[in-house]
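Enquirer: According to TrEMBL, the protein carries these features:
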- 251: ATP binding site (BINDING)
- 1-17: compositional bias 'Polar residues' (COMPBIAS)
- 41-59: compositional bias 'Polar residues' (COMPBIAS)
- 217-526: domain 'Protein kinase' (DOMAIN)
- 1-59: region 'Disordered' (REGION)
Ligand SMILES: Nc1ncnc2c1ncn2[C@@H]1O[C@H](COP(=O)(O)OP(=O)(O)OP(=O)(O)O)[C@@H](O)[C@H]1O
């Protein structure tokens with residue numbers, strides 16, 4: 001059994017912020033000869049809901065006419081969801097695929113991981129067990145490090161130091177605006193994170209089931225950094241119920257000048273925070289991360305906690321820390337990277353079956369996730385440990401994954417279409433790319449198709465195909481997504497994968513043909529594995 005790995009990392013991330021509806025950057029849709037269409041949108045016009053629950057604007061103002069391009073001339077997303085290098089030269093100069101061409105050792109091609117855990121964990125690769133490929137010498141280790149270093153960072157606000165300027169995202173409730181981060185600000189964020197990880201912290205918090213008693217946890221180690229947050233492992237000082245002994249604490253990052261901004265950054269942050277919390281506290285499924293408590297009850301009790309505190313004359317705003325179930329195995333992308341993608345087929349089916357159960361639960365409760373990706377699939381055990389459990393009763397009696405990161409989720413009305421353009425570049429559906437009001441259930445199943453493809457093929461479906469020429473490699477992912485351009489490569493001739501491939505075929509397709517979660521659940525691939533579970 002592999003010893004537990006540290007999931008800590010020290011690289012800063014910036015808030016991944018979801019998009020404004022159709023705040024289309026003018027340069028993207030111009031100069032196209034394609035027919036103009038009217039995209040004026042009146043979806044989601046309930047002012048009460050909008051002010052209290054949903055961060056999307058009440059009425060979406062879109063250009064009266066909009067030229068839809070052929071995508072041939074676009075080298076960035078219509079509305080930025082991630083940084084995208086402006087210059088094609090820059091793009092190619094940092095393309096990890098190109099670097100990978102020079103790295104014959106590399107087998108796992110899923111490299112668009114946010115730039116957090118990989119480098120820190122890479123040294124642990126040597127210790128992996130025999131069923132995973134080992135890094136056998138220092139030259140190979142260096143190669144892997146280079147690849148990890150070249151990972152593109154998706155859905156992030158801060159561009160990597162080598163690239164400037166970047167296209168930047170905005171929060172959902174305001175018009176798209178350009179926010180730039182200079183090196184100074186980046187350094188500040190880095191320092192802030194280092195300070196955070198050096199602090200000795202006793203956390204005072206409240207369990208949702210009993211908000212009248214303060215409880216204490218002590219910090220054990222830093223385990224992850226998201227666009228929005230730092231995640232840390234804590235252990236209880238006074239609560240020995242096994243569920244609350246070890247907890248993952250997600251501390252929300254606040255923008256530096258949050259109190260001095262003249263725009264509505266504070267209220268956008270606030271509504272995003274309270275939306276995530278309000279959904280999380282209603283969820284109860286084994287395969288979904290659990291919100292156990294909060295460091296400050298005001299975040300649960302008030303609709304506008306930050307504004308309220310400031311109105312009451314507080315000079316600063318308190319930190320917001322979610323106390324959540326802890327997943328000891330880290331996230332699935334980290335594990336896949338470490339084991340070089342050689343995950344047994346039965347294990348993929350098991351993990352994926354649980355993921356489908358989690359999303360089915362959400363959709364049945366009218367919640368869409370909108371950020372399904374490998375990084376957000378948390379593992380209760382390492383893959384090594386799960387493999388070791390296979391022939392035991394506990395393999396069937398307990399869940400192995402918890403779906404996390406509800407920062408972009410939304411509670412919807414039946415049949416409601418969404419307009420907030422959000423997600424992570426590689427997992428985003430063509431209709432979101434195109435700026436068309438979308439069915440969030442179907443954009444979630446699209447992302448599920450991307451995930452299954454990635455698990456089977458060890459690469460993301462819309463990356464340049466293996467053996468692609470230089471020109472193809474330079475084409476942005478968005479082009480391939482918009483054209484549904486994916487194909488089997490590694491598993492082309494592999495037998496026994498028909499039912500899994502059926503899911504991919506029926507999810508990475510046009511929205512009017514795409515399977516919903518019930519159809520996925522009813523597929524042979526999922527039925528077969530779900531039938532064996534006893535939790
Ligand atoms: N409950 C948990 N148990 C173990 N690790 C966790 C847990 N929650 C988060 N992490 C780790 O921290 C990372 C960041 O967490 P999370 O995705 O929730 O933050 P975020 O700021 O919302 O990120 P994103 O960049 O995806 O928006 C995860 O990818 C995972 O590695």
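From the backbone N, Cα and C atoms, a Cβ is placed for every residue, glycine too.
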Enquirer: Take every residue in the domain 'Protein kinase' (217-526), average their pLDDT values, and give the whole-number result.
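Expert: Summing pLDDT over the domain 'Protein kinase' (217-526) and dividing by its length gives 93.
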Enquirer: Going by DSSP, is the residue listed as 'ATP binding site' sitting in a helix, a strand, or coil?
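Expert: Its secondary structure by DSSP: strand.
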Enquirer: What is the number of other Cβ atoms found within 10 Å of the Cβ of residue 251 (ATP binding site)?
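Expert: So the number of other Cβ atoms within 10 Å of residue 251 (ATP binding site) is 18.
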